[in-house]
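Notes follow the structure.
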Amino acid sequence: MESLPLYVTSIVLWLTKELFQISVPSAKERTFIAVKPDGVQRRLVGQVIHRFERRGFKLVGLKLLQVSKNLLSQHYCQLTKKPFYPDLVEYMTSGPVVAMVWEGPNIVQTCRMMVGHTNPAEAHAGTIRADFSLHVSRNVVHASDSLEGAQREIMLWFDGHDLLKWDCIDQSVTSEL
Ligand SMILES: Cc1cn([C@H]2C[C@H](O)[C@@H](COP(=O)(O)OP(=O)(O)OP(=O)(O)O)O2)c(=O)[nH]c1=O
Ligand SMILES: Nc1ncnc2c1ncn2[C@@H]1O[C@H](COP(=O)(O)OP(=O)(O)O)[C@@H](O)[C@H]1O
Ligand SMILES: [Mg+2]
C-alpha cells in the first residue's frame, strides 16, 4: 500500500490532537541539574552525565564553577530557615560544582525520578542517589523539583547566551511532536 503524502499525515495528526485534546509533553522542557561538590570530588561527573544521555535527554548547557554563598542562598532560598542550612552552605561551597541544563519531554519529573529521594537511605535502587550515596547531607546531585523551579534555577545559574539550541539528528521524529 502506498504511504500517504507527508502533509496529509501532518494534517491528520494535528486534527487528532485538536479533536481529542491529546496533550503531548513538550520536547523543549528544560531542567537544571548540578553535580554537587561530593560528586565532583568522587569523579562521578561522567557517570551522572551518562545517565541522562543514555535516557535520551539533550545537554544544552554545562559549566564547572565554584559556587558563591550569594548564589547558593538564592538557589536554596526556601531552605534558609532549616537547621541544616549552615552545613548545606558549607558543603555546597566546599569545592567545584558542575551545573547543567538538560532538555527533553517531561524532563523535570523524569530527572527527579532518576535522581531519587533526597535522602539516599530512602531512594530506590537504580536512582543516582541510591547508587552513589549514603547520606542526605552528601547526596551527589541536585535536580529541579518543578517546572517553575527549573525556570528560576536556570535563569539563576546560566546566562541565556550560554544555553545552546541544537538538533539531535537521531530525534527528529520526537522533536516534531
Ligand atoms: C531535608 C534536608 C536536606 N539537606 C540537604 C541535602 C539536600 O540535597 C539539600 C536540599 O534539600 P532539599 O531541597 O529538601 O532536597 P532536594 O532533594 O530537593 O535536594 P536538591 O534541592 O539539592 O536537589 O539540603 C540536609 O542536609 N538535611 C535535611 O534534612
Ligand atoms: N535533613 C537534611 N540534612 C542534611 N541535608 C539535607 C537535609 N534535607 C535536605 N538536605 C540537603 O538539601 C538539599 C535540598 O533539599 P530539597 O530541595 O528539599 O531536596 P532535593 O535535593 O531532593 O530537591 C538536599 O538535596 C540535601 O543536599
Ligand atoms: Mg530541592
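Placed from the backbone N, Cα and C atoms, the Cβ positions cover glycine too.
Predicted automatically and left uncurated, TrEMBL annotations should be read as such.
These come from TrEMBL:
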type	residues	note
DOMAIN	28-165	domain 'Nucleoside diphosphate kinase-like'
BINDING	Lys36, Phe84, Arg112, Thr118, Arg129, Asn139	ATP binding site
ACT_SITE	His142	active site, pros-phosphohistidine intermediate
Would you report the average pLDDT that the model assigns to the domain 'Nucleoside diphosphate kinase-like' (28-165)?
98
Out of Lys36, Phe84, Thr118, Asn139, His142, which recorded positions have CB atoms lying under 6 Å from ligand 1?
Phe84, Thr118, Asn139, His142
Any idea what the Cα distance is from Thr118 (ATP binding site) over to His142 (active site, pros-phosphohistidine intermediate), rounded to a whole Å?
9
Would you identify the secondary structure of Arg112 (ATP binding site) according to DSSP, in three states?
helix
Please check the binding-site residues Lys36, Arg112, Thr118, Arg129 against ligand 2 and give me the ones with CB under 6 A, sequence order.
Thr118
Return the residue, from the listed recorded positions Arg112, Arg129, His142, with the maximum count of other C-beta atoms within 10 angstroms of its C-beta.
Arg129
